[in-house]
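According to TrEMBL, the protein has these features:
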type	residues	note
TRANSMEM	26-47	transmembrane segment
DOMAIN	41-288	domain 'G-protein coupled receptors family 1 profile'
TRANSMEM	59-78	transmembrane segment
TRANSMEM	98-120	transmembrane segment
TRANSMEM	140-158	transmembrane segment
TRANSMEM	197-221	transmembrane segment
TRANSMEM	242-264	transmembrane segment
TRANSMEM	270-290	transmembrane segment
Amino acid sequence: METGNQTRLSYFILLGFSQDSEHQPILFFLFLSMYLITVLGNLLIILTITSDPYLHMPMYFFLSNLSLADICFTSTTIPKMLVNIQTQSKAITYAGCITQMCFFNIFGVMDTLLLTLMAYDRFVAICHPLHYTLIMNHRLCGLLVLMSWFISITYSLTQSLLILMLSFCTNVEISHFYCELAQALTIACSDTLINHILIYIGTTLLGIVPFSGILCSYVRIVSSILRIPSGHGKYKAFSTCGSHLSTVSLFYGTGFGVYLSSYATSWRGMIVSLMYTVVTPMLNPFIYSLRNRDIKRALQKVLGRKLYVP
């Protein structure tokens, strides 16, 4: 196959949600609002955790890293879309598209690994409370997060290098609001078998396996909670997992929906993608601040006003 001129592709076209110019101001305001809420909300969570010594615990250490990953995750897609709406252009450069794919994969994988670490933290805290401080020490938590970053970056760079080896034809349209990997592969002219194999391996090892680990952790957690004799003790144990379970349900529910539904390449697929790329990172600060008494108290100090803590 000839690749001479095809590999010289300079840009892609992101079709986005609407071709109607009348809808563009509404979309711009909507996504700008969601982006600002996401960034400010997650920054507030990070500031709250770092400024309160009482929150310097493994659970909140993982949460602060999740908030950081969520900010970066959303920042890989929304700012470019806002610029395109404002300039009435749907183009993204070839280098910009590859860069967007790379960082999107890094922070997307990082989210899945951090949610898994948070599930493991809750498992140790509830099932092995007497050994919690010994097992979940600062050194181990730091190593787990560093390992997660290493895995995320390694997988993303490998996927990006394989994309760079592909050639593309005259069709440069991507039916999405960002440079989605699977969509880009559909318009490639060269053989994408290795790319698809890596996607299946990555989905299994970095998606299904962590999700299975979360499920196993919560099976053990529920089993341990049901053995607690007092009703108050059961409620207190369940309450420490509620925020995490809500986030896991949102992230994995919509994430798997993109790749497992028959609408993954359609307009409905973009809506599902929007849920886990934008809506879930936006809701995470609200989920953790509204359902966590420690975060509420720390926010009270940061904001300098009294928050209601039931």
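Cβ from N, Cα, C; glycine included.
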Remote residues contacting the transmembrane segment (59-78) - C-beta distance under 8 A, at least 6 residues beyond either end: 31, 34-35, 38-39, 42-43, 45-46, 49-50, 100, 103-104, 106-108, 110-111, 114-115, 117-118, 121-122, 125, 141, 145, 177-178, 240, 247, 277-278, 280-282, 284-285, 288, 294-295
Leading stretch by Cβ pairs under 8 Å, where the reference is the transmembrane segment (98-120) and the options are 26-47, 197-221, 270-290: 197-221
Long-range neighbours of the transmembrane segment (26-47), counting only residues six or more past its ends (CB under 8 A): 16-18, 63-64, 67-68, 70-71, 74-75, 78-79, 81-82, 85-86, 278-279, 281-282, 284-286, 288-289, 295, 299, 302
Spatial neighbours of the transmembrane segment (270-290) far in sequence, C-beta under 8 Å, 6+ residues away: 17, 31, 34-35, 37-38, 41-42, 44-45, 63, 66-67, 70-71, 73-74, 77-78, 104, 108, 175-178, 180, 243, 246-247, 250-251, 254-255, 257-258, 261, 263-264, 296, 299
